[in-house]
Amino acid sequence: MKLLNAAQIRQWDAFTIEHEPIVSLQLMERAANACTRWLLQHTLADVYYIFCGKGNNGGDGLAIARLLYNSGKTAKVFILESDAKGSEDYISNFNILHHLSAIPIYQLRSEQDLPVIPESCIIVDALFGTGLNRGLTGLAAQLVQHLNNAQAPTIAIDIPSGLFCDQSSRGQSVIRARHTLTFQVLKMAFLIAENEPFFGLVHLMDINLLPAFPDLVSTPFHIINQALVQRIYRPRAAFAHKGNFGHALIIAGSYGKTGAALLSTRSCLRSGAGLVSVHVPEKSVAIMQTGAPEAMVLPDADATTITRMDYEPDPFSAIGVGPGIGTGIKTRFFLRELLERETSSLVLDADALNIIAENPELLNLLRPGSILTPHPKEFTRLFGTQEDDFKKVEVAISKAMEFNVVIVLKGHRTLVALPDGTGFFNISGNAGMAKGGSGDVLTGMLTSLMAQGYSSKEAAIMGVFLHGLAGDFAATARGMDAMIATDIIEHIGKAFEQLF
Ligand SMILES: NC(=O)C1=CN([C@@H]2O[C@H](COP(=O)(O)OP(=O)(O)OC[C@H]3O[C@@H](n4cnc5c(N)ncnc54)[C@H](OP(=O)(O)O)[C@@H]3O)[C@@H](O)[C@H]2O)[C@H](O)CC1
Ligand SMILES: [K+]
């Protein structure tokens, strides 16, 4: 699914008005109705303090005030005054409300006008939406601070006021909402980690914008959804045999970190590969054969670390390397040797990435189509510090292009950055997965998918989606606090079932 920017969303609005057709005031009414229904269903307050700017976001707020009043609620409206005369639909809604006279309207012209906000009310933030084109200053910034200091919860309409859709809002005055009721589609701002304090829980309000529009525009960003992954997924043929599903190799573990090897191997086994081998330090062999009897074990010559490749890499259709291997000198030599040899595509994770970060020339040895799976800290070690998280997305994509690899930048909204310059955000998964071992599970899954012949793009998109979905099932079964990486593995099967 395409991730549209603010300008494209406004064009979609205009497209719907022209082709449905619907007059824009009615589209605003549709939007306000959706928000009002949500407020009536999900909030218990009997008074709503509705703060409006003078654009269409403010127009939404005025319409919501009227609809809440019609449903028996008390609404008070506060207008952030400015020299602007107001958008057409704002003015229409203002006139309707003015004639109604039952809803008090207060004009905010200076700091003295900022109202005392009772704890028991609900604040509705309809100051600025997708039309924000500069940071908030003056009274607008003071009002935002005033609302953020209030005890009452804030519900933002479309996007928290002051938050830019498509660029960083670092250092800006932004509303901190408990919930955001956003129209039709997610905005990029909601997928970026640094914005977490602002948008709270995001709820999509379907306002029936015409579905034909997104096909008419191009965008570098996409959201990974079930439909996309279903298109990638290839059901297993009934007459297939294990030879049809590739042979995956996991290279992982060191003394005290055999668990990482076990998690990667188990998740690899659970993700469909025909055969799975695992290269571990010699001392880990018994643990691996007991913990993952379906896998074949290639013991390292060294007792406690990965040091040598005493086997030919040719039979393996994909190799995952890194979980728990450490960054010792022999392991570093091993990784260089692996990168220099002609092998199938690699999935590089954890300490493999840390070794590369310390020896950046190794980046030039990466085989095209390899997948790198850094978490934000590993990403910084590899590619330096960026001034904000939007920049991080930009750098991930430019590095994917430069080295012709797929970069999976892990996080709550994992980004799959592709060498063709596009980026795919994953929206499955939950905070219960923010625990040791989750990344090892992803490495195993990606290696398994690559081994089966999925391209690195397909494997990365499908893998992060299934990993998150398995995590969501694990959270349902065990709870976010109690769930562990093994629970994610246990639910990979159920995640696959959603693709049939
Ligand atoms: N697209 C949809 O699905 C629908 C959206 N709706 C709602 O409309 C808003 C977008 O409305 P818009 O009028 O385009 O913009 P805003 O209300 O966000 O902003 C209005 C004007 O405010 C000025 N502005 C921008 N930044 C600042 C600032 N930092 N300080 C002061 N003023 C600012 C700017 O005008 P200028 O002339 O001053 O540049 C904006 O134009 C969307 O978010 C939805 O809530 C529809 O109701 C339904 C469909
Ligand atoms: K808003």
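Positions of Cβ are set from backbone N, Cα and C atoms, glycine also.
Summarising the annotation, TrEMBL assigns domain 'YjeF N-terminal' to 9-215.
Summarising the annotation, TrEMBL assigns (6S)-NADPHX binding site to 56-60, 129-135, D158, A260, G324, H375, D440. Secondary structure at D158 ((6S)-NADPHX binding site), as computed by DSSP, is coil.
D125 (K(+) binding site) counts 30 other C-beta atoms within 10 Å of its own C-beta, drawing on all protein chains shown. The K(+) binding site annotation in TrEMBL covers N57, D125, S161.
If you look up TrEMBL, you'll see 225-499 marked as domain 'YjeF C-terminal'.
Residues annotated as AMP binding site in TrEMBL: K410, G411, H412, R413, T414, G439. Using a 10 Å Cβ-Cβ cutoff, G411 (AMP binding site) registers 19 neighbours.
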With every protein chain in view, how many other Cβ atoms are within 10 Å of the Cβ of H375 ((6S)-NADPHX binding site)?
18
Rounded to an integer, what is the Cα-Cα distance in Å between T130 ((6S)-NADPHX binding site) and N57 (K(+) binding site)?
8
Check the binding-site residues D125, N133, S161, G411, R413 for any whose Cβ is under 6 angstroms from an atom of ligand 2, and report them in sequence order.
D125, S161
Can you go through the binding-site residues N57, D125, T130, D158, G439 and pick out those with a C-beta less than 6 angstroms from ligand 1?
N57, T130, D158
Please report the distance from the Cα of D125 (K(+) binding site) to the Cα of N133 ((6S)-NADPHX binding site), rounded to the nearest angstrom.
17
If you skip the near sequence neighbours and keep only those at least six away, which residues in the chain come within under 8 angstroms of N56 ((6S)-NADPHX binding site), Cβ to Cβ?
M28, S87, D89, Y90, G129, G131
Taking only the binding-site residues N133, S161, H375, which one has a CA atom nearest to the CA atom of G439 (AMP binding site)?
H375
